[in-house]
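Over in Swiss-Prot, the protein carries these features:
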- HIS136: active site, proton donor (ACT_SITE)
- ASP75, HIS77, ASP103: Mn(2+) 1 binding site (BINDING)
- ASP103, ASN135, HIS184, HIS259: Mn(2+) 2 binding site (BINDING)
Amino acid sequence: MAQNNEQQQQGQGLIEAGVLDDIINRLLEFRNARTVRQVQLSEAEIRSLCSASREIFLQQPNLLDLKPPIKICGDIHGQYGDLLRLFEYGGFPPEANYLFLGDYVDRGKQSLETICLLLAYKIKYPENFFLLRGNHECASINRIYGFYDECKRRFNVKLWKCFTECFNCLPVAALIDEKILCMHGGLSPVLTNLDQIRNLPRPTDVPDSGLLCDLLWSDPSREVKGWGMNDRGVSYTFGPDKVAEFLMQHDMDLVCRAHQVVEDGYEFFAERQLVTIFSAPNYCGEFDNAGAMMSVDESLMCSFQILKPTDRKPRFL
């Protein structure tokens, strides 16, 4: 307990416990409403969430060492109502431990509520709630795909810059019980030793190439043996052989990543040696995909909880 209190102090030195609880309560106010409304937080409150969480991210390693049981979630992309449904399903923190694999902002309507709730939980439960960086937690990307516009419309550009400083400190990978390696995108041709991840500098922007870029951008591909060109125009694709080779070299069981919409919310690759998890159902209102969350128990058994896409009213354009 002492360690937990100490950790909480570190983040909450910048934000009082009562204030933090009030922010969380306001963010959860509409959790049972049919439609999720905008939550009114002040600019000062949001800034304090950014700076307090930033401190915690930097105190914790870039490659997190986590213990099960834990629930792993993929892309959320501003679909705040669906984030609340995930918590309804899996248990609101601290009922369960969580690891999110990045891409909290952009595309969806409520990136601000989404990222604010996640940062607030990080500050309140620093040892039970974990957030990794996705390729959208990067200024050059979320400047274009919606988050910048949402910050500017609801607050100002200075607040968007405050989030950028926070995102530049997010950890980039997690290792569960030394057996399950988690990141947003995938493997990298330059990754031979996990210390390379531990030693990546922070704060940092996401470069156009190299290890950090690959961890956030690469994709598995059934069409490729070895490394291939990525249609995204960034990073690489990697074949099943590269997954098997990596796991064997590092005595691991599974690579767990997000970054791609998959129809059932989760999808295995390379004979179940890699899994993609995507947690935004009806992504952008354009896909008919389910969302999923992977539960890892103490014995590293993985099971999936599914958010069906059809819990929605039909959309008429």
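Positions of Cβ are set from backbone N, Cα and C atoms, glycine also.
Structure coloured by features recorded in Swiss-Prot.
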residue: ASP75; record: Mn(2+) 1 binding site; Cβ neighbours (10 Å): 29
residue: HIS77; record: Mn(2+) 1 binding site; Cβ neighbours (10 Å): 28
residue: ASP103; record: Mn(2+) 1 binding site; Cβ neighbours (10 Å): 29
residue: ASN135; record: Mn(2+) 2 binding site; Cβ neighbours (10 Å): 25
residue: HIS136; record: active site, proton donor; Cβ neighbours (10 Å): 27
residue: HIS184; record: Mn(2+) 2 binding site; Cβ neighbours (10 Å): 26
residue: HIS259; record: Mn(2+) 2 binding site; Cβ neighbours (10 Å): 25
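Each residue in ASP75, LEU101, GLY102, GLY134, HIS136, GLY185, LEU216, TRP217, ALA258 lies on the same chain as ASP103, ASN135, HIS184, HIS259 and has a C-beta within 8 Å of the C-beta centroid of that Mn(2+) 2 site, without being one of the site residues. For HIS77 (Mn(2+) 1 binding site) paired with HIS184 (Mn(2+) 2 binding site), the C-alpha to C-alpha distance reads 13 Å. For the recorded site, ASP103 (Mn(2+) 1 binding site), the DSSP three-state label reads coil. In the three-state DSSP scheme, ASP75 (Mn(2+) 1 binding site) is classed as strand.
Looking at the residue listed as 'active site, proton donor' and HIS184 (Mn(2+) 2 binding site), their Cα atoms lie 10 Å from each other.
For the pair HIS184 (Mn(2+) 2 binding site) and ASP103 (Mn(2+) 1 binding site), the C-alpha distance works out to 8 angstrom.
Compute the center of the Cβ atoms of ASP75, HIS77, ASP103, which mark the site for Mn(2+) 1; besides them, the chain residues with Cβ within 8 Å of that center are GLY74, ILE76, GLY78, GLY102, TYR104, VAL105, ASP106, ARG107, GLY108, GLY134, HIS136, ALA258, PHE278, SER279, ALA280.
In this structure, ASN135 (Mn(2+) 2 binding site) belongs to neither helix nor strand by DSSP; it is coil. Between the CA atoms of ASP103 (Mn(2+) 1 binding site) and HIS259 (Mn(2+) 2 binding site) there is a gap of 8 Å.
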